Amino acid sequence: MISRSLGPEFGGAVGLCFYLGTTFAGAMYILGTIEILLTYISPNAAIFPIEQDDPQAMLNNMRIYGTCIIAMMAIVVFVGVKYVNKLALVFLACVILSIMAIYAGVIKSAFDPPDFPMCLLGNRVLAKRNLEICAKYISNNTINEALWNKFCITTNESTTCDPYFMANNITEIQGIPGVASGVLLDNLWSAYSQKGSIIERNQTSSVAGEGQKTYSQHYVLTDIMTYFTMLVGIYFPSVTGIMAGSNRSGDLKDAQKSIPFGTILAIATTSFIYLSCVVLFGACIEGALLRDKFGEAVSGQLVIGTLAWPSPWVIVIGSFFSTCGAGLQSLTGAPRLLQAIARDGIVPFLQVFGHGKANGEPTWALLLTAGICEIGILIASLDSVAPILSMFFLMCYMFVNLACALQTLLRTPNWRPRFKYYHWTLSFVGMSLCLALMFICSWYYALVAMLIAGCIYKYIEYRGAEKEWGDGIRGLSLNAARYALLRVEHGATHTKNWRPQILVLVNLDSEQNVKHPRLLSLTTQLKAGKGLTIVGSVLQGTFLDKHVEAQKGEENIKALMTTEKTKGFCQLVVSPSVRDGISHLIQSAGLGAMKHNTVLMAWPHSWKQPTDPYSWKTFVDTVRDATSAQQALLVAKNIDSFPTSQERFADGNIDIWWIVHDGGMLMLLPFLLRQHKVWRKCRMRIFTVAQMDDNSIQMKKDLQMFLYHLRLDAEVEVVEMFENDISAFTYEKTLMMEQRSQMLKQMQLSKNEREREIQSISDESRGSIRRKIYSIPRPGAQDSYSLLPSENPLNEAQIIHDRNTASHSTVAAKSSAAPEKIQMTWTKEKLIAEKHKVKDLNAAGYRDIFNMKPNQSNVRRMHTAVKLNEVVLNRSQNAQLVLLNMPGPPKNKQGDENYMEFLEVLTEGLNKVLLVRGGGREVITIYS
């Protein structure tokens, strides 16, 4: 019940504690059975002679007899629950007869109270050991030697007596004066005592005098200190059987009808018996005798047995069978509890105890329960264990009440209690009373019980809590999440509360596995930000065709997130275009104010390869989308070289090249990385670039002061860049970049021309174009022209078709579809003429390309990238990580290829690079 209402962790923890409580309670009942047997029924049956000064003898007898009784009870339970039910009827009949005998004895005491004398010295109760006559003098001034010898010491013909003994008289009173005696008024109020104090009858007068401690052993003494909460703790185990019906719900024909009716009736009956017995005992028995724990004032006779009618044996037999029945019920209910927990599978090592006989009887669970019971019996004295049992029971009842109250307050649709008179306040009051009783009875035992339950809770959470039962705690979490999301403001986050909420864009291969797992490793290493993490990916196609692959991809991403210990969410989108899918993720990922503010992606390392010709276009458009959404962008280059979360850098530097202030992302990211074990031993170094006319010394001081106020520990260095002449290398590299860009533009044809170009290039023109281009005498041509058509004519047609399609908005819907082969219907002469026309156009266009000169603006940009790359390589080539400002893409999309080349030149020769582009706002502040 608790598992399905509050979740497997709570259910398993409380259930195991309740199981242990029920099991040890069974041992306690069996020990009570043996005590009644050897003390009142058959003292001669003791194997070890019971002596007054040897408590170990009684404990040894309990161990031997307890082992025999638990074996017999286990056999009865193993044979079947129907035999337990038959025996339960016999035990119940004996208990009912005993209770009726008590009520009959109370009625009889009104007109014929039993003869049950007890002896007082003054107002002090005397122990009746070897004291047959309750008087100082027998007759004719003959002293009662048995009494005088207790309080007087004779030495050298002189006698010294206890002053209190000499000053007070001996009186004999009836221990059970009867219900008509009016003793109820005397017993109405509490009378607690300290350990070792003498029990006194307050209604009897006495001469003041403490008396000597030498003679205190002749009085009845209290063995423990008594107070209200302690007595509640002792009495509570007698009312812990209210879940007996629920424990055996599987054996009931109609559990939802029988359990409420039977439980309420049972509680009403037992409550009436308990309360009436307490009141009637107080009305019939002297208070001093009630406080005599061991009955020393009446020679150890049974007080309730004497009160009962017709014979004390009715009470003895009833008590014996009552404890037997309670022990048997414990051995019946506890294995079923364990079997239910084992079958849930929330505790792996307990799963073997979920099996049993063919009829469902929990055989293995019964063996374990009997073994735990045997441990309790071998301990023999459960006085120190009993309070913990009470805590386990109270904890169980507290969580049952909590489950009911929580389900009502959450208004879950599935919570439809059949009981008409239920209200959540009753459950809340019950829960509060259980919690209060735990600490009232014994606060340290309550803490011990909670610690045990907490350990079990964390174990289940760590090992086995993978069940989804629609529990209330999950509902509470959903309500709390909804409440928190509604409370979080939708406006801009204050700088002090800013943290990287990361959308991680990952690519999947043909098997729907993540191509770059190190991207999630980097995300995990940034978890010190305690922000939101969404791992997103795009699957190209339609959802109807790709929903199976999408589900598999999402499962693979979640599995990798578990492996990398990335705490976050996964969101996979199926879209006809990867470009559109990424745009949708950037716009719509997250919920309410819990949206990402940072995009993390990997550098498209194959952007120059003909196998992936449009990765650079998707990349640049993603940069533009993130910028438009005012989100920060992190681009990890050479991501496969980044460390896993299991690696550790023993030394090294994290170098930050701070070219432009973009809100402090460059400062914040290394700080977060250094909180993780991978980067913890790395040092931060911050480089900033100065021109010749800048004051480098002042810049360094200002930057150091800025870092001091930010409470960041980093080395600062100002690097001066000289305005050298533009090198021939820069000129040549810019020329090659622009030639490739121009060549691509030459391929931007009209729709009809494009369709004809596919056929003509595939048949004849491909060879001549390739020969012309490859005949350009320039070193490094392979890298610069790797976007040219490949050897495969189908790939070549695909590339040209895709590029042309992307440039025409009227046919954008067809851009993602694969090109179909065009069936020409022209005459042969017209086809040859068209082919020559295309060849002439291409030849003229390529001649212009070879004779062109580079744009001076591009030359300056390339010069800056080359010089900055030289400076970075000079100082950070061996750094563990380099962070660089990422320049924005050009406003004119015609220069996107040049933008990729600039970034490539800027980071050339560096191993691990993180390009950072801020979102246009401050993310770090000097204020706490």
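Placement of Cβ uses the backbone N, Cα and C atoms for every residue, glycine included.
Noted in TrEMBL for the protein shown:
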type	residues	note
TRANSMEM	12-42	transmembrane segment
TRANSMEM	62-81	transmembrane segment
TRANSMEM	88-107	transmembrane segment
DOMAIN	218-503	domain 'Amino acid permease/ SLC12A'
TRANSMEM	224-244	transmembrane segment
TRANSMEM	264-290	transmembrane segment
TRANSMEM	310-328	transmembrane segment
TRANSMEM	364-382	transmembrane segment
TRANSMEM	388-410	transmembrane segment
TRANSMEM	422-446	transmembrane segment
DOMAIN	517-636	domain 'SLC12A transporter C-terminal'
DOMAIN	646-774	domain 'SLC12A transporter C-terminal'
DOMAIN	850-928	domain 'SLC12A transporter C-terminal'
Quick check for me: are there 3+ Cβ pairs below 8 Å between the transmembrane segment (264-290) and the transmembrane segment (88-107), leaving out pairs under 6 residues apart?
yes
State the non-local partners of the transmembrane segment (310-328) in its own chain: residues 6+ outside its ends, Cβ under 8 Å from one of its Cβ atoms.
25-27, 29-30, 32-33, 36-37, 40-41, 69-70, 73, 76-77, 84, 87-88, 90-92, 94-95, 97-99, 101-102, 104, 241, 301-302, 304
Please work out the helix, strand and coil residue numbers for the domain 'SLC12A transporter C-terminal' (517-636) from the DSSP assignment.
57 helix, 27 strand, 36 coil
Selection from 12-42, 88-107, 224-244, 388-410, the stretch that has most Cβ pairs under 8 A to the transmembrane segment (62-81):
12-42
Does the transmembrane segment (388-410) reach the transmembrane segment (88-107), going by 3 or more CB pairs under 8 Å (6 or more apart in sequence)?
no
Interface-richest range of 88-107, 224-244, 364-382 toward the transmembrane segment (422-446), CB pairs under 8 Å:
224-244
